[in-house]
Ligand SMILES: Nc1ncnc2c1ncn2[C@@H]1O[C@H](COP(=O)(O)OP(=O)(O)OP(=O)(O)O)[C@@H](O)[C@H]1O
Ligand SMILES: Cc1ncc(C[n+]2csc(CCOP(=O)(O)O)c2C)c(N)n1
Ligand SMILES: [Mg+2]
(Lines of atoms letter the chains of each structure in order from A and count residues from 1; the text may use other names and numbers.)
(Lines give C-alpha, C1' and ligand atoms only; values in the text may rest on other atoms or scores of the structure.)
(Ligands and ions follow the chains in the order given, each with its own letter.)
Protein backbone atom coordinates (compact mmCIF):
# COMPACT_ATOMS: atom_id res chain seq x y z
CA UNK A 1 0.00 0.00 0.00
CA UNK A 2 1.22 3.48 -0.88
CA UNK A 3 1.64 6.01 1.94
CA UNK A 4 -0.46 8.37 -0.18
CA UNK A 5 -3.98 7.06 -0.75
CA UNK A 6 -5.28 7.63 -4.26
CA UNK A 7 -7.51 10.73 -4.35
CA UNK A 8 -11.18 10.11 -5.02
CA UNK A 9 -13.02 11.44 -8.04
CA UNK A 10 -15.24 13.31 -5.58
CA UNK A 11 -12.15 15.17 -4.36
CA UNK A 12 -10.78 15.75 -7.86
CA UNK A 13 -14.02 16.72 -9.62
CA UNK A 14 -15.46 15.66 -12.99
CA UNK A 15 -13.46 18.22 -15.01
CA UNK A 16 -10.16 16.79 -13.74
CA UNK A 17 -11.21 13.34 -14.89
CA UNK A 18 -12.40 14.54 -18.32
CA UNK A 19 -9.09 16.33 -18.90
CA UNK A 20 -7.24 13.15 -17.97
CA UNK A 21 -9.28 11.13 -20.47
CA UNK A 22 -8.76 13.80 -23.13
CA UNK A 23 -4.99 13.59 -22.67
CA UNK A 24 -4.95 9.99 -23.95
CA UNK A 25 -3.32 9.95 -27.39
CA UNK A 26 -5.32 8.79 -30.41
CA UNK A 27 -4.03 7.92 -33.86
CA UNK A 28 -4.77 5.97 -37.00
CA UNK A 29 -8.15 6.89 -38.40
CA UNK A 30 -9.19 8.95 -35.34
CA UNK A 31 -9.35 12.66 -36.11
CA UNK A 32 -10.93 13.80 -32.82
CA UNK A 33 -10.69 11.63 -29.69
CA UNK A 34 -11.94 12.25 -26.12
CA UNK A 35 -12.63 15.89 -25.30
CA UNK A 36 -15.21 17.05 -27.85
CA UNK A 37 -18.97 16.54 -28.22
CA UNK A 38 -18.36 13.54 -30.49
CA UNK A 39 -15.39 11.50 -31.59
CA UNK A 40 -14.57 11.91 -35.29
CA UNK A 41 -13.11 9.08 -37.39
CA UNK A 42 -12.06 8.87 -41.01
CA UNK A 43 -13.34 5.51 -42.17
CA UNK A 44 -12.49 6.27 -45.79
CA UNK A 45 -15.98 7.15 -47.00
CA UNK A 46 -16.82 10.55 -48.47
CA UNK A 47 -18.07 11.76 -45.07
CA UNK A 48 -16.42 11.56 -41.64
CA UNK A 49 -17.95 9.27 -38.99
CA UNK A 50 -19.20 10.67 -35.66
CA UNK A 51 -19.52 8.59 -32.46
CA UNK A 52 -21.27 9.57 -29.23
CA UNK A 53 -22.35 7.76 -26.06
CA UNK A 54 -24.47 9.44 -23.41
CA UNK A 55 -26.58 8.26 -20.47
CA UNK A 56 -29.40 9.46 -18.28
CA UNK A 57 -29.79 8.12 -14.73
CA UNK A 58 -32.92 8.07 -12.57
CA UNK A 59 -32.52 10.57 -9.71
CA UNK A 60 -29.69 12.38 -11.53
CA UNK A 61 -31.17 13.42 -14.90
CA UNK A 62 -34.86 12.84 -14.15
CA UNK A 63 -36.97 11.97 -11.13
CA UNK A 64 -38.02 8.34 -10.78
CA UNK A 65 -41.72 9.28 -11.02
CA UNK A 66 -41.17 10.87 -14.46
CA UNK A 67 -43.21 9.89 -17.52
CA UNK A 68 -41.03 7.30 -19.28
CA UNK A 69 -41.91 8.73 -22.69
CA UNK A 70 -40.20 11.97 -21.72
CA UNK A 71 -37.22 10.02 -20.38
CA UNK A 72 -36.88 8.25 -23.75
CA UNK A 73 -37.16 11.55 -25.59
CA UNK A 74 -34.48 13.15 -23.42
CA UNK A 75 -32.08 10.21 -23.65
CA UNK A 76 -31.91 10.22 -27.46
CA UNK A 77 -32.33 14.00 -27.91
CA UNK A 78 -29.19 14.58 -25.78
CA UNK A 79 -27.06 12.44 -28.07
CA UNK A 80 -28.55 14.02 -31.22
CA UNK A 81 -27.69 17.42 -29.75
CA UNK A 82 -24.01 16.41 -29.66
CA UNK A 83 -24.10 15.28 -33.31
CA UNK A 84 -25.63 18.68 -34.18
CA UNK A 85 -22.84 20.41 -32.25
CA UNK A 86 -20.32 18.89 -34.71
CA UNK A 87 -22.41 19.99 -37.73
CA UNK A 88 -23.34 16.36 -38.41
CA UNK A 89 -26.26 14.07 -39.21
CA UNK A 90 -27.27 11.31 -36.74
CA UNK A 91 -27.77 7.79 -38.12
CA UNK A 92 -27.94 4.68 -35.87
CA UNK A 93 -28.55 4.23 -32.14
CA UNK A 94 -27.95 1.39 -29.69
CA UNK A 95 -29.95 1.59 -26.44
CA UNK A 96 -28.67 0.16 -23.16
CA UNK A 97 -31.27 -0.10 -20.41
CA UNK A 98 -30.59 -0.71 -16.71
CA UNK A 99 -34.06 -1.31 -15.30
CA UNK A 100 -35.48 -2.04 -11.85
CA UNK A 101 -37.36 -5.38 -11.88
CA UNK A 102 -40.46 -3.42 -10.86
CA UNK A 103 -40.51 -1.54 -14.20
CA UNK A 104 -43.81 -2.25 -15.94
CA UNK A 105 -44.13 -3.27 -19.57
CA UNK A 106 -46.20 -0.11 -20.12
CA UNK A 107 -43.23 1.95 -18.87
CA UNK A 108 -40.81 0.18 -21.23
CA UNK A 109 -43.22 0.77 -24.11
CA UNK A 110 -43.55 4.45 -23.14
CA UNK A 111 -39.76 4.79 -23.00
CA UNK A 112 -39.52 3.33 -26.51
CA UNK A 113 -42.36 5.57 -27.75
CA UNK A 114 -40.26 8.55 -26.65
CA UNK A 115 -37.09 7.14 -28.19
CA UNK A 116 -38.82 6.25 -31.48
CA UNK A 117 -40.63 9.57 -31.83
CA UNK A 118 -37.44 11.61 -31.54
CA UNK A 119 -35.62 9.04 -33.67
CA UNK A 120 -38.18 9.32 -36.48
CA UNK A 121 -38.09 13.11 -36.38
CA UNK A 122 -34.30 13.18 -36.77
CA UNK A 123 -33.76 10.14 -39.00
CA UNK A 124 -32.26 7.88 -36.32
CA UNK A 125 -32.96 4.15 -36.37
CA UNK A 126 -32.62 2.10 -33.19
CA UNK A 127 -30.62 -0.92 -34.30
CA UNK A 128 -30.01 -2.77 -31.03
CA UNK A 129 -28.88 -2.40 -27.46
CA UNK A 130 -28.42 -4.20 -24.17
CA UNK A 131 -30.65 -4.82 -21.16
CA UNK A 132 -29.45 -5.24 -17.60
CA UNK A 133 -30.18 -4.49 -13.94
CA UNK A 134 -28.25 -3.36 -10.87
CA UNK A 135 -27.60 -5.72 -7.93
CA UNK A 136 -29.01 -5.28 -4.40
CA UNK A 137 -29.14 -2.85 -2.68
CA UNK A 138 -29.41 -0.82 -5.91
CA UNK A 139 -32.19 -2.80 -7.63
CA UNK A 140 -34.08 0.48 -8.17
CA UNK A 141 -31.28 1.99 -10.30
CA UNK A 142 -32.53 3.10 -13.72
CA UNK A 143 -30.25 4.16 -16.56
CA UNK A 144 -30.75 4.69 -20.27
CA UNK A 145 -27.56 4.87 -22.31
CA UNK A 146 -27.51 5.80 -25.99
CA UNK A 147 -24.64 5.03 -28.33
CA UNK A 148 -25.19 7.04 -31.50
CA UNK A 149 -23.39 7.16 -34.83
CA UNK A 150 -23.52 9.98 -37.30
CA UNK A 151 -21.60 11.48 -40.17
CA UNK A 152 -20.51 14.90 -41.28
CA UNK A 153 -19.27 16.66 -44.38
CA UNK A 154 -15.45 16.69 -44.32
CA UNK A 155 -15.41 20.45 -44.97
CA UNK A 156 -17.94 21.31 -42.29
CA UNK A 157 -16.96 19.27 -39.23
CA UNK A 158 -16.87 21.79 -36.37
CA UNK A 159 -15.05 20.96 -33.14
CA UNK A 160 -14.53 22.99 -29.97
CA UNK A 161 -10.95 23.67 -31.03
CA UNK A 162 -11.16 25.93 -34.10
CA UNK A 163 -11.84 29.28 -32.41
CA UNK A 164 -9.39 32.20 -32.57
CA UNK A 165 -8.91 35.22 -30.31
CA UNK A 166 -11.33 37.91 -31.49
CA UNK A 167 -14.02 35.48 -32.68
CA UNK A 168 -17.50 36.54 -31.57
CA UNK A 169 -19.40 34.11 -29.32
CA UNK A 170 -23.09 33.37 -29.88
CA UNK A 171 -25.69 31.12 -28.28
CA UNK A 172 -28.88 29.82 -29.85
CA UNK A 173 -32.19 30.05 -27.98
CA UNK A 174 -32.44 31.02 -24.32
CA UNK A 175 -30.62 29.81 -21.19
CA UNK A 176 -31.49 28.92 -17.58
CA UNK A 177 -34.35 27.29 -15.70
CA UNK A 178 -34.31 24.06 -17.72
CA UNK A 179 -35.29 21.99 -14.67
CA UNK A 180 -38.88 23.33 -15.01
CA UNK A 181 -39.32 21.10 -18.07
CA UNK A 182 -37.00 22.08 -20.94
CA UNK A 183 -34.42 19.43 -19.92
CA UNK A 184 -36.99 16.74 -20.79
CA UNK A 185 -38.75 18.32 -23.76
CA UNK A 186 -36.03 20.15 -25.68
CA UNK A 187 -35.71 19.74 -29.43
CA UNK A 188 -32.04 19.25 -30.34
CA UNK A 189 -30.56 22.02 -32.50
CA UNK A 190 -29.66 19.69 -35.34
CA UNK A 191 -30.55 21.81 -38.38
CA UNK A 192 -29.14 24.86 -36.61
CA UNK A 193 -25.82 23.08 -35.93
CA UNK A 194 -25.56 21.90 -39.54
CA UNK A 195 -26.33 25.41 -40.76
CA UNK A 196 -23.81 27.09 -38.43
CA UNK A 197 -21.12 24.58 -39.43
CA UNK A 198 -21.73 25.40 -43.10
CA UNK A 199 -21.94 29.16 -42.50
CA UNK A 200 -18.63 30.06 -40.94
CA UNK A 201 -18.65 28.77 -37.33
CA UNK A 202 -15.03 28.13 -36.28
CA UNK A 203 -15.88 26.28 -33.05
CA UNK A 204 -19.10 24.86 -31.62
CA UNK A 205 -20.45 22.78 -28.72
CA UNK A 206 -23.79 22.06 -27.11
CA UNK A 207 -24.50 23.46 -23.64
CA UNK A 208 -25.24 20.70 -21.15
CA UNK A 209 -23.36 21.62 -17.97
CA UNK A 210 -24.12 25.36 -17.94
CA UNK A 211 -22.32 28.14 -19.80
CA UNK A 212 -20.02 28.70 -16.78
CA UNK A 213 -18.66 25.15 -17.19
CA UNK A 214 -18.97 24.76 -20.96
CA UNK A 215 -17.70 28.11 -22.27
CA UNK A 216 -14.25 27.65 -20.66
CA UNK A 217 -14.16 24.17 -22.28
CA UNK A 218 -14.66 25.62 -25.76
CA UNK A 219 -12.28 28.50 -25.08
CA UNK A 220 -9.52 26.22 -23.75
CA UNK A 221 -9.94 23.72 -26.58
CA UNK A 222 -9.37 26.68 -28.94
CA UNK A 223 -6.30 27.80 -26.94
CA UNK A 224 -8.15 30.93 -25.79
CA UNK A 225 -9.91 32.51 -22.84
CA UNK A 226 -13.36 34.07 -23.15
CA UNK A 227 -14.89 37.41 -22.35
CA UNK A 228 -18.60 37.13 -21.61
CA UNK A 229 -21.15 39.85 -20.84
CA UNK A 230 -23.64 38.38 -18.31
CA UNK A 231 -26.14 41.15 -19.08
CA UNK A 232 -26.21 39.99 -22.74
CA UNK A 233 -27.29 36.42 -21.92
CA UNK A 234 -30.67 35.45 -23.44
CA UNK A 235 -32.83 34.27 -20.53
CA UNK A 236 -35.60 31.66 -20.30
CA UNK A 237 -38.68 33.08 -18.53
CA UNK A 238 -37.72 34.65 -15.23
CA UNK A 239 -34.24 33.10 -15.12
CA UNK A 240 -31.40 35.34 -13.97
CA UNK A 241 -27.95 35.61 -15.60
CA UNK A 242 -26.66 33.45 -12.72
CA UNK A 243 -29.21 30.75 -13.62
CA UNK A 244 -28.22 31.03 -17.28
CA UNK A 245 -24.57 30.45 -16.35
CA UNK A 246 -25.10 27.61 -13.88
CA UNK A 247 -28.34 25.66 -14.30
CA UNK A 248 -27.24 23.53 -17.27
CA UNK A 249 -29.18 21.24 -19.61
CA UNK A 250 -30.02 24.11 -21.97
CA UNK A 251 -29.03 21.97 -24.99
CA UNK A 252 -28.42 25.15 -26.94
CA UNK A 253 -25.40 25.68 -29.20
CA UNK A 254 -22.42 27.85 -28.30
CA UNK A 255 -20.56 29.02 -31.42
CA UNK A 256 -17.51 31.08 -32.28
CA UNK A 257 -17.66 33.15 -35.46
CA UNK A 258 -14.94 35.36 -36.99
CA UNK A 259 -15.84 39.03 -36.59
CA UNK A 260 -15.88 39.67 -40.34
CA UNK A 261 -18.55 36.93 -40.82
CA UNK A 262 -20.88 38.21 -38.09
CA UNK A 263 -22.97 40.67 -40.13
CA UNK A 264 -23.76 38.23 -42.94
CA UNK A 265 -24.27 35.36 -40.49
CA UNK A 266 -26.92 37.26 -38.52
CA UNK A 267 -28.80 38.37 -41.65
CA UNK A 268 -28.80 34.84 -43.06
CA UNK A 269 -29.69 33.29 -39.67
CA UNK A 270 -32.84 35.42 -39.47
CA UNK A 271 -34.00 34.06 -42.84
CA UNK A 272 -33.06 30.48 -42.00
CA UNK A 273 -34.36 30.35 -38.38
CA UNK A 274 -36.74 33.32 -37.92
CA UNK A 275 -38.15 31.98 -34.64
CA UNK A 276 -34.85 31.18 -32.90
CA UNK A 277 -32.69 33.85 -31.31
CA UNK A 278 -28.95 33.83 -32.01
CA UNK A 279 -27.45 36.10 -29.38
CA UNK A 280 -23.97 37.55 -29.14
CA UNK A 281 -22.70 36.95 -25.60
CA UNK A 282 -19.00 37.82 -25.79
CA UNK A 283 -15.80 36.95 -27.63
CA UNK A 284 -12.76 34.74 -27.48
CA UNK A 285 -9.65 36.52 -26.18
CA UNK A 286 -5.97 35.58 -25.95
CA UNK A 287 -5.19 33.03 -23.25
CA UNK A 288 -4.37 34.92 -20.06
CA UNK A 289 -5.82 38.21 -21.37
CA UNK A 290 -6.90 40.79 -18.78
CA UNK A 291 -10.25 40.85 -20.66
CA UNK A 292 -10.97 37.18 -19.78
CA UNK A 293 -14.06 36.74 -17.60
CA UNK A 294 -13.48 34.33 -14.69
CA UNK A 295 -16.24 31.71 -14.72
CA UNK A 296 -16.97 29.25 -11.91
CA UNK A 297 -19.98 27.02 -11.45
CA UNK A 298 -22.12 24.86 -13.66
CA UNK A 299 -22.75 21.15 -13.14
CA UNK A 300 -20.25 18.58 -11.80
CA UNK A 301 -21.33 14.94 -11.36
CA UNK A 302 -19.02 14.44 -8.38
CA UNK A 303 -19.80 17.50 -6.29
CA UNK A 304 -22.64 17.25 -3.75
N1 LIG B 1 -15.05 7.47 -19.35
C2 LIG B 1 -14.55 8.16 -20.39
N3 LIG B 1 -13.52 7.70 -21.12
C4 LIG B 1 -13.03 8.39 -22.16
N5 LIG B 1 -13.51 9.56 -22.55
C6 LIG B 1 -14.54 10.07 -21.85
C7 LIG B 1 -15.11 9.40 -20.73
N8 LIG B 1 -16.11 10.17 -20.23
C9 LIG B 1 -16.18 11.24 -21.01
N10 LIG B 1 -15.24 11.20 -21.99
C11 LIG B 1 -15.02 12.19 -23.05
O12 LIG B 1 -14.93 13.46 -22.45
C13 LIG B 1 -15.59 14.44 -23.25
C14 LIG B 1 -16.63 15.14 -22.39
O15 LIG B 1 -17.62 14.18 -22.02
P16 LIG B 1 -19.11 14.62 -21.71
O17 LIG B 1 -19.93 13.39 -21.57
O18 LIG B 1 -19.11 15.63 -20.63
O19 LIG B 1 -19.51 15.26 -23.11
P20 LIG B 1 -20.08 16.69 -23.39
O21 LIG B 1 -20.40 16.75 -24.85
O22 LIG B 1 -19.14 17.71 -22.82
O23 LIG B 1 -21.39 16.70 -22.54
P24 LIG B 1 -22.83 16.19 -23.06
O25 LIG B 1 -22.63 14.76 -23.49
O26 LIG B 1 -23.70 16.31 -21.86
O27 LIG B 1 -23.20 17.11 -24.20
C28 LIG B 1 -16.17 13.70 -24.45
O29 LIG B 1 -15.32 13.86 -25.55
C30 LIG B 1 -16.21 12.25 -23.99
O31 LIG B 1 -16.04 11.35 -25.06
C1 LIG C 1 -33.72 14.93 -10.86
C2 LIG C 1 -32.83 15.93 -11.52
N3 LIG C 1 -31.92 16.59 -10.76
C4 LIG C 1 -31.06 17.47 -11.34
C5 LIG C 1 -31.12 17.70 -12.68
C6 LIG C 1 -30.16 18.69 -13.31
N7 LIG C 1 -29.04 18.06 -13.99
C8 LIG C 1 -28.81 16.75 -13.98
S9 LIG C 1 -27.47 16.32 -14.90
C10 LIG C 1 -27.16 17.93 -15.31
C11 LIG C 1 -26.00 18.34 -16.18
C12 LIG C 1 -25.86 17.58 -17.45
O13 LIG C 1 -25.54 16.24 -17.23
P14 LIG C 1 -24.41 15.48 -18.03
O15 LIG C 1 -23.09 16.09 -17.57
O16 LIG C 1 -24.58 14.06 -17.64
O17 LIG C 1 -24.65 15.76 -19.48
C18 LIG C 1 -28.10 18.77 -14.72
C19 LIG C 1 -28.13 20.23 -14.86
C20 LIG C 1 -32.09 16.99 -13.43
N21 LIG C 1 -32.21 17.15 -14.76
N22 LIG C 1 -32.92 16.11 -12.83
MG1 LIG D 1 -21.91 17.99 -25.64
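For all residues, glycine too, the Cβ spot is worked out from N, Cα and C.
Automated prediction, rather than curation, is the source of TrEMBL annotations.
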According to TrEMBL, which candidate in 36, 37, 155 joins 82, 206 at the Mg(2+) 3 site: 37
According to TrEMBL, which candidate in 61, 73 joins 249, 299 at the substrate site: 61
Non-site residues, in chain order, whose CB comes within 8 A of the mean position of the CB atoms of 37, 82, 206 at Mg(2+) 3: 36, 38, 52, 81, 83, 84, 85, 86, 205, 208
Near-site residues: substrate, ref 61, 249, 299, CB cutoff 8 A to centroid: 60, 178, 183, 208, 209, 248
Binding-site residues whose CB lies under 6 angstroms from ligand 3, from 37, 61, 82, 206, 208: 37, 82, 206, 208
Binding-site residues near ligand 2 among 53, 54, 82, 112, 160, 206 (Cβ under 6 Å): none
